[in-house]
Amino acid sequence: MVFTRGSRDDWDRWAEIIGDGAYSWDKMLPFMLKSEKLVQDSENQTEEGHIDPSIHGHDGTVSNTAPYNNHPINEMLMQTTQDLPDEFPYLLDMNNGSPIGIAWNQFSIDRNGERSSAATAYIEPAGDNLHVLINTQVTRVLHVGDDESCFRGVEFAADVESPKKQIVASKEVIIAGGVIGTPQILLNSGIGKREELEAVGVTTLIDNPSVGKNFTDRVSSIVMFNTTIQDTDFDRDRALAEWNTTRTGPLTLPGHLNHIVYLRLPDDAAPFSQEGFTDPTPGENSPHIEMVYSQISAHLPQTSIDIPSPPPGTTNVMIQLFVVNLHPISRGSITLNTSDPFKHPIVDFGMLSEPLDIAIMREAFKRARDLYSAPAFQDSVFGTLVPAGNVATDSDIEDFLRIASAPYLHAVSSAAMSGYNAS
Ligand SMILES: Cc1cc2nc3c(=O)[nH]c(=O)nc-3n(C[C@H](O)[C@H](O)[C@H](O)COP(=O)(O)OP(=O)(O)OC[C@H]3O[C@@H](n4cnc5c(N)ncnc54)[C@H](O)[C@@H]3O)c2cc1C
C-alpha cells in the first residue's frame, strides 16, 4: 500500500477539532518515525532523488520503501516539474508533511519485496502476548458496572448459527472494526441515535446521534490519454516466476508506474474565486487533489469506476490516471437495517452531494489535462480518449464525473472522535 503520512495541517486540524494537542503533527511525528523502518528496495536501486531518508524512521517495524521501474514517463514527469514548476513542482519526499508536487511513490513493502503490514509488523513478533480469534465476529460490546459509559464486555460468535460468547476486559476494549464495522458494532450495542435504534428493535443504552454519521470517503474518477509512450503491460506468469526467484521485476511494485501527484489549488482557482466556495483544506500544506497512475495500456484498468467506453474502434494505448478529491465535504452514513449483527448495514457514501466536491473534481480533471499538455508530452500524448476530447465545458465535465466517479475507499469518520465532554 502507499505509505503516506498526510499533511501536517490535516493532523493539526484534527488535534484542534478534538481539543487534544497530542494528535498534532509535531506530537505524532515521533510515533510515525518510531513505527517506520525505511529500507532499500529489493532491487537495490538508488534512493537519491526519490526519497529523503533524513525525515524517515529506520528502526521501526513497518517497512517503507520507494521501489520503481525504469520507464520513459519518469523522465517526462521530472522534466515537467522543471517546465511547469508552479503548477507541478518537484516533491522530493511525499511524507515531508507538506505533500504538494510530483513525487516518487513510497510503499509499505519490505527489503525482500514483500508487503509489510500491521500483521507482519506487530502480530508476528508479538509471541504469546497476543491472541487472535480468527473467523470470529464481534456482535456487541457490553455495558459493565455502574458507570453508564463503561463498555468493557465483548460478545462474539463464529457465525449466526453458533452460540454467542462473552468476555470482560479488566481494563478497556478498543473497537477497531474499520469504517463500517465499528459503527455497526456500536449501533448493535445500543450506542447510537435513539429513533434509528428503536426502528430496528435495538434498545438504546447511550443516545448518541453521531454514531454512523459523518461517513466520508474521497471521490475518484479516471482520465485516459491517447499516447504513444511505451505501455506498461507485462507477462504475469513470467513476472511471478521472477518475483518468486529473485524478488525483482514488475511485481515488486503494487502498480505499474512510479509517481504520485499532489496538487494544491491556488486561492484564485475557480471554485473559490468565482464560485465562492470556502477552501475545504486545513491549510497551505494540504493538497486538494491527488493523481495516481494506473497503467499505460490498451486494456482498461480494474476499478469499481463505471468507465465510459473509449470511442468505438479504439485500440490505442492510453495513459490511465485516477484523479481524487482529497478533502470532500459530502457526508454519508452507516445505518442498521436489522438488529442481526451478521447482516450488512446500509452504507450510504453520500458521494458528490455537495457542489464543492464536484467543483474540486472538475479542477482535478482540468489539471490532468494541463499535465499532459506540458512540453515534455507534446510529441507523445494526444488528448483524452476517456472522456472524449470534446468534453470540455464545466457542465460536460460534471456530467462525465457523475457517471465516472467512485469512492476511493479511504473512508473515515463514521465513529469520529470528538473532544472530551462534547455534546
Ligand atoms: C482497495 C483499497 C486500497 C487502499 N490503499 C491504501 C493505500 O495504498 N494506502 C493507505 O494508506 N490506505 C489505503 N487504503 C485505506 C486503508 O486500507 C484503510 O484506511 C485502513 O485499512 C483502515 O484501517 P482500520 O484498522 O481502521 O480498518 P480495517 O483495515 O478496515 O480493519 C478493520 C478490521 O475489523 C474487522 N471487523 C469488522 N467488523 C468486525 C466485527 N464485527 N467483528 C470482528 N472483526 C470485525 C474487519 O474484518 C477488518 O479486518 C486502501 C483501502 C482499500 C479498500
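Every residue number used here counts from 1 along the chain in the order it is shown.
Every residue gets a Cβ built from N, Cα and C, even glycine.
What TrEMBL records for this protein:
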type	residues	note
DOMAIN	1-218	domain 'Glucose-methanol-choline oxidoreductase N-terminal'
REGION	40-66	region 'Disordered'
COMPBIAS	47-59	compositional bias 'Basic and acidic residues'
BINDING	Val138	FAD binding site
DOMAIN	328-418	domain 'Glucose-methanol-choline oxidoreductase C-terminal'
BINDING	Tyr408	substrate binding site
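DSSP assigns Val138 (FAD binding site) to a strand segment in the three-state reduction. DSSP assigns the residue listed as 'substrate binding site' to coil in the three-state reduction, placing it in neither a helix nor a strand.
DSSP assignment over the compositional bias 'Basic and acidic residues' (47-59) gives 3 helix, 0 strand, 10 coil.
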